[in-house]
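According to Swiss-Prot, the feature active site maps to 53, 126, an assignment based on sequence analysis. Residues or ranges marked as heme binding site by Swiss-Prot on the basis of similarity to another entry: 336. The feature region 'Disordered' is assigned by Swiss-Prot to 1-24.
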């Protein structure tokens, strides 16, 4: 049975195709209210795109606990082996706009939202375990250099590489990005990482530092630079198509979740800053501990409703999980929620994909009121709108207080380079883990990506690579057609 057309407020529509005019060939009349309503809505259809991670794909699924980690955390989501929790995942490219090609060389976003029975837990990460820098003050500049030049409105490799090579700590991330892992074949075929150091605490109040790893069960598959060009020439939505079609066909992708755990005592004695996002924790020192598995098994019915309006923020945590002194994480605690309030409004938590389904909307009792689009909870009705109050309308839940975190030091803008200038050890170790064929691919990809930039930037990058491993610097120089003897390798970084 066909549905009968109405306007937004229920009035029947008599003619969807023909506007009201003064005579059959006369001008349009402004009293054609359906035309006005449709055009006014159309003019406002597009909401601001994300400043980063603009183009994404998403799916719903289920997380299942497969190993007991209750000695580390009292979070209910991990309470017992076999416990299941509904979830939503969003994958994305990072630098590109909404129309970006899925097979571009770029980091991939890997954001997870778990609808736990203690509230939503958002684990916001990428497909790499590290990042370009370790201070969030650099975030706006990173965005600017990977986006478009303000004069030409074109991508600007010179600005991009100038910024990256002025940050020697970026070499670790750059090295990963310039391997074939910089272009995953699809979202199903890549690992994910929480990247930041988070913390867990148990029912005894003991705190542990943790890193999250999500290992694909479909196997790692990547495109070469040449393959990626061919794919994008035919299909700019290749990763989204792959994810959507496989789920529709019942071929549900799965990932295993693991954690690395570091005690507070180990952190105090760790060689490097354990909260430095440009470095990893070595697995031989902090082995992977299995936590669970998640499966994505349902596509959204409407992309805009569930994927475009999905709002992730690392501030969405639950009892038993907490933050760390990681400065990048601390910066994201503000920025993520703030961008969602700008994109979607202060009441974006009422959008279905963002609702705390595991708790139930009827049990949500925030103290916030009003704001654009406050529609689902009667705006708390006539209940008391201040606290404390004499009628006992609300009460805290002190049993969920977090254990104390020992923080010491004087407030100051510390130069992190004076604290830790060990930029090149881990990129060097990563380079030596690559096969000779993979190393050559790294050289060639780097030379290709840097081909538009000046020799001064090439020399700077070669110097960083050389400091990580002489063979790394030599290989990049040869791929660029540069005599390494012409590069000043002794400049301090």
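Just so it is clear, glycine is given a Cβ too, placed from its N, Cα and C backbone atoms.
Feature annotations (Swiss-Prot) mapped to structure.
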| residue | record | Cβ contacts under 8 Å, 6 or more apart |
| --- | --- | --- |
| 53 | active site | 92, 93, 94, 109, 111 |
| 126 | active site | 94, 107, 108, 109, 110, 192, 193, 195 |
| 336 | heme binding site | 124, 312, 313, 314, 315 |
Residue 53 (active site) - helix vs strand vs coil (DSSP): coil
For residue 126 (active site), the three-state class that DSSP assigns: strand
